[in-house]
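Taking it in order: structure first as structure tokens, then the write-up.
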Amino acid sequence: MNTIYNFSAGPAVLPKEVLQQAASEMLDWHGSGMSVMEMSHRGPEFMSILAQAQADLRELLNVPANYKILFLQGGGLGENAIVPMNLVGRKAQPATVDFIHTGSWSGKSIKEAKKYANVNIAASSENAGFNGVPDPSSWNLTKDAAYVHLCTNETIDGVEYHFVPDVAQQTNGAPLVADMSSHILSRVIDVSKYGVIFGGAQKNIGPAGLTLVIVREDLLGSALPICPSAFDWKIVADNDSMYNTPPTYSIYIAGLVFQWLKRQGGVAVMEQKNIAKANLLYDYLDSTDFYVTRVDKEFRSRMNVPFYLKDESLNAAFLAAAKERGLLQLKGHKSVGGMRASIYNAMPIEGVQALVEFMRDFAGANT
Ligand code: PMP
């Protein structure tokens, strides 16, 4: 039987080692006689799991001391409301927030933010078919924006920022808010360049249910009165992510993934591996006209690689043949069609090699 490689965009592949460890600890965590799922979140066992996960994440991303790490629920889409509810109160109402529209997920963020603020779309690549990030020199930013929102990796469109824009001068120091759901921990980042980083866990971190927020301390404490207490970052921070019951099992698995990442050598080592994996796939895509890509080279995502068969009538046959080879979940998002290979941290290079080999064979057999 073929080795199975899972290219799902999320929930997505997790390191086998982590799943094996979780399986071995499922019924009895460290001699406690309980599964992690059955423990009180306020007991010493789970408290130690949470503290370790936070400390490991802080170390992996080099999170400065003046930033809080929050473990929340609600997902990326939840944050689309939670972010404005926490940040627009720092400005006179109605506040304006700036958005850079680079694909489906920043689009959804824009739609949601309109419920809480004036939204200024400072730049958009929509007319260009979301093929990249508009040049920052063309961004029409607001002088006193409450914040500037970016989606630094557009999971559906396959567009990634390979730079951090500097918006401070044009906005009177508005913080950058980055939706990093689909590339957090895949590359080295300078957290100090952002006011807020958020992401759902279910791609590069762990199971669905956990949402990560990294927020600079001075941005806490201005939540709008309508903000639910459980989503008021100040309340959550003051209670060390224990204001209400956190998603305990997801945090536990995320913690195992953090330890796995440390064993791999940390984020800088993962980044090199991710570059090698992405190059392998893009180099093949560039070498053939059987498949087509639509994103400008300088903005190609290392995590999510959308591609199209030139002859789209072969789509179903491609997916069926891929499945036969053990290459799963390659179908593109329904809004854009085509194919998408998500190659997160837990995807080994052998998986990408197997994919390229299959794509070459399929192209050969169908031309
Ligand atoms: N932002 C990005 C970049 C995403 O990829 C996703 C999910 N695919 C979301 C937001 C939405 O996340 P959730 O489904 O956790 O609400």
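Every residue, even glycine, has its Cβ placed from backbone N, Cα and C.
If you look up TrEMBL, you'll see 4-355 marked as domain 'Aminotransferase class V'. Residues or ranges marked as L-glutamate binding site by TrEMBL: Arg42. Residues or ranges marked as pyridoxal 5'-phosphate binding site in TrEMBL: Trp105, Thr155, Asp179, Gln202, Asn244, Thr245. Residues or ranges marked as N6-(pyridoxal phosphate)lysine in TrEMBL: Lys203.
The separation of Thr245 (pyridoxal 5'-phosphate binding site) from the residue listed as 'L-glutamate binding site', Cα to Cα, is 9 Å.
Thr155 (pyridoxal 5'-phosphate binding site) sits 10 Å from the residue listed as 'N6-(pyridoxal phosphate)lysine', taking the CA atoms of both as reference points. Comparing Asp179 (pyridoxal 5'-phosphate binding site) with Lys203 (N6-(pyridoxal phosphate)lysine), their Cα atoms are 13 Å apart once rounded.
Around the Cβ of Trp105 (pyridoxal 5'-phosphate binding site), the number of neighbouring Cβ atoms within 10 Å comes to 22. Listed in sequence order, His41 are the same-chain residues at least 6 apart in sequence whose CB falls under 8 Å from the CB of Thr245 (pyridoxal 5'-phosphate binding site).
Note: the residue listed as 'N6-(pyridoxal phosphate)lysine' has non-local neighbours Ala9, Gly10, Pro11, Ala12, Thr155, Ser181, Ser182, Met303, Ser342, Tyr344, i.e. same-chain residues 6+ apart with C-beta under 8 A of its own C-beta.
Long-range C-beta contacts of Gln202 (pyridoxal 5'-phosphate binding site), restricted to its own chain and to partners at least six residues apart, with a cutoff below 8 Å, comprise Gly10, Pro11, Ala12, Ala208, Gly209. Summary: among the binding-site residues (Thr155, Asn244), the fewest other C-beta atoms within 10 A of the C-beta are counted at Asn244. Across the residues annotated as binding pyridoxal 5'-phosphate (Trp105, Thr155, Asp179, Gln202, Asn244, Thr245), the widest Cα-Cα separation comes to 30 Å. Secondary structure from DSSP puts Trp105 (pyridoxal 5'-phosphate binding site) in a helix. Close to ligand 1, meaning a Cβ under 6 Å from one of its atoms, are these of the binding-site residues Trp105, Thr155, Asp179, Asn244, Thr245: Trp105, Thr155, Asp179. Over the domain 'Aminotransferase class V' (4-355), the average per-residue pLDDT in this prediction is 97.
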